[in-house]
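**Q** One structure coming up, written as structure tokens, with questions to follow.
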Amino acid sequence: MSRIILPLIGLALLAIVPLIVTDYGLGLLIGAATYVTLASAWALFSGQTHYISLATVAFYGTGAYTVAVLNETLGYGAVLLCAALIGGTIALVVGLATLRLRGVYFVIFSFGLAELVRQLITWYEVNVTGTLGRYIFLDITTRQIYWQMLGLAAITIALTAWIHRSRLGMALRVIGDDETVAAHSGINLARVKLLAFVLSAVILTLAGAITSPRYVYVEPSIVFNPTISFLTVIMALLGGANRLWGPTLGAVPLFLIFEWLSSNFPDSYPILLGLLFIGVVFLVPNGLIASTERLLGKAKGARG
Amino acid sequence: MLSTTLILGLVLGGTYALLALGLTLQYGIARIMNLAYGEFTLIAAFLVVASFQHLGVPPLVALPFVTIAGYGFGWLLYQVMMRPLVARSGSSGRLEVDSILATFGLLFLIQGVLLVGFGANFTSISYLDRGIDVLGVSVALNRLIAFAICVLAGGALVVALQKTRWGLIMRAVALTPGSAPLVGIDVNRVARQGFAIGSALAATAGASISMYQTFSATGGVVFTMKALVIVIMGGVGNVPGALAAGLALGLLETFVATAIDPGLTLAATFAIFLLVLLWRPQGLFGART
Amino acid sequence: MSFLEIDRAVKQFGGLRAVSDVSFTLEKGEVVGLLGPNGSGKTTLINLVSGALPATSGDIRLDGLRLTGLSRDRIARAGVARTFQLVRTLPSLSLVENVMITAVFGRHAHWGAAARRVALGALEMVGLSDRAGVAAADLTYIDQKRLELARALAAEPEILLLDEWLAGLNPTELAEGVALIRTLHQGGLTILMVEHIIDAVRALCPRVVVMNSGELIADAPTDIALADPMVVSAYLGGEVDA
């Protein structure tokens, strides 16, 4: 029971925090909630299957840009729905083309996807609509953005927990270990991978859509910032991408560290990021949770 | 008009082919999917430009030094960074994911260093840029030189791989890294060499790019992307395939840029990539299984 | 109509015809050995039946259902289970999870307690039930082979394809393995087994089919086939395996 009750209590506490913090604090909370969502959604697909997606910002940016384009013509709910549909469709097309092949093709494609979407939107805006750069005027308070993002994070983690216990989760884990065995055991590889990838992409797109009012002014080069993809991957890896709470555990501290680094060392920020990333790959390849468990296990073994 | 596109496309394709050669060696022989490859070329490009602007060293003189430095850089990087990953993964197939992640980190690290060192602005130099008449089309001399470098380096590599004992060993490791040790091949040494030569080629490509193209510290991803697409088109580890695919991509891009819109060249690259993946994922020149 | 029908199966790799017009049938409950020197196309044939490779031409039917052209997972769900020549276990999963997957994703689509029961039953058969919770990465080679067989059994298959499952076992383990396969046979399972160990083949298979250079050169009771001059020269002409 405590597996459900404790997170719910935590969620309730997090929901009332904005009533007491400053605007700056609230900004940090939104950022942390956003990265918890992004890292968890990323891990939902990539953590289990080891298909490393470098395309987080392609979906995040698509979500933000959809809001920027549609916010004056449609109601907020309808805009979110459109964003989810668009993100899901892109994921479906990309997945259909690349997920039936070896993982490396998928990685390469996802690597360039954000740049591709960015250039296509830029080209379209410049040549067809003639408006590069858009404003988002929505009647949404910062607190509401926080609550929405907190809700999305909670949904993502709950969904992940459910998937971990479902046939889908089991299929994903088998695929991550050995696709040949998976196929000969009766798992429909393409369908399982596609389903998880699209689910993950829809959440990433919604995260971009929900935070977009914070930007006020949106332009492809702002919302398709590759650093977002990069941060998402490193956060999920640090905590442990195949664990339920791994991405959260990586996202919160790293987000705070990155905030501090980017305001105090703006010039050397990318260097520090790169070093940190390489450090994670070499030192905690299976994530902090797994490393801690191993250390504890060893300590236990030494005592016993 | 058509002949202009054809010649300019071939010249651009030459650089792309050179760019892709290094990547196909790194992935084909060393099994490292190097996402920081474009940043390798940028380091070389910035070094050539800096030594030209500040020390007055002509890029053509700097080029051999940059190439040798590229080899050393790749050698060192393989030894320090990639070798431990190879050792850790053993035969578990984990190397692919690990190398992707490690070089993804390296990408940001190098980009950060370049930003600190050279700033975020676009850089270019004017060097040997007078027009030369080629079959009635005026082509800048620096582009022709870049093309000549590609033909020389690429041709030498093809001959070396096909005709020498060294090339045979390289190809053996590329085909079956598992059984190469059975015939006395030191796979680690060969992989390191493959990675280092790949870096040297990246540096050569970077130096030739710096002579005629505008570039910036954040543009490495696009180079990597194009090189990757060419490698897939040509078939992984297939050197002649990469050369042909590189030329083809150069032609395609020039055609799209002149006939449709320069803003859509990357989209065209991706479209080709998608077509190849859907139609012949083993590469245009690979054997069908 | 036979239970498994292989009708003029062909697999072409470029200029190499790895499987050339091979036809034979298995009746339900039969245990048949698939013999032949190295490179004769045995594993390729197993791959054609299990869908790992698409056949260039020909027909393969299981109980009337055409398998050729179906994907690997569809064929698995149709009741074909297999082991691999080079053992494939799932290192990050526990033993019971390793075995459970075929019960979950196979044709009976068990879930929860039922899937667990099937998996534990299969582990019991191969003698691994006391270690159900252990990670598969920690197993010895012979135990990995056992685990793989348990995984195939948990699919509750119509037909079991064994690709040199007995290879690499020591004499004691070999005797255990032979006894295990005999038990499966007595339980009514249909088995097609690629095998080099002739003693085991004699002990288990009343009938064998023999391949050489992609072609079927014998399909006869085991004693007769093994005395056939064509079969003998195929083995002696090629490399002889222990």
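Keep in mind that glycine also has a Cβ here, set from the backbone N, Cα and C atoms.
Sharing the feature lines straight out of TrEMBL:
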{"type": "TRANSMEM", "residues": "B:6-25", "note": "transmembrane segment"}
{"type": "TRANSMEM", "residues": "B:61-78", "note": "transmembrane segment"}
{"type": "TRANSMEM", "residues": "B:99-120", "note": "transmembrane segment"}
{"type": "TRANSMEM", "residues": "B:140-161", "note": "transmembrane segment"}
{"type": "TRANSMEM", "residues": "B:193-215", "note": "transmembrane segment"}
{"type": "TRANSMEM", "residues": "B:227-249", "note": "transmembrane segment"}
{"type": "TRANSMEM", "residues": "B:255-279", "note": "transmembrane segment"}
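Can you tell me where each of these features sits in this structure?
**A** Long-range contacts of the transmembrane segment (B:99-120) within the same chain, counting only residues at least 6 positions beyond its ends with a Cβ under 8 Å from a Cβ of the stretch, are 31-40, 42-43, 46, 50, 77, 81-82, 85, 216-218, 220-221, 224.
Non-local neighbours of the transmembrane segment (B:140-161) in the same chain are 8, 10-12, 14-15, 17-18, 21, 60, 63, 127-132, 134, 167, 170-171, 197, 201, 204-205, 208-209, 211-212, 239-240, 243; each lies 6+ residues outside the stretch with a CB under 8 Å from one of its CB atoms.
The list of residues near the transmembrane segment (B:227-249) in space but at least 6 beyond its ends in sequence, with Cβ under 8 angstroms from a Cβ of it, reads 10, 13-25, 27-29, 37-38, 154, 157-158, 161, 174, 269-270, 272-273, 276-277, 281-286.
Cβ atoms under 8 Å from those of the transmembrane segment (B:255-279) belong to residues 1, 4-5, 9, 222, 225-226, 229, 232-233, 249 of the same chain, restricted to positions at least 6 beyond its ends.
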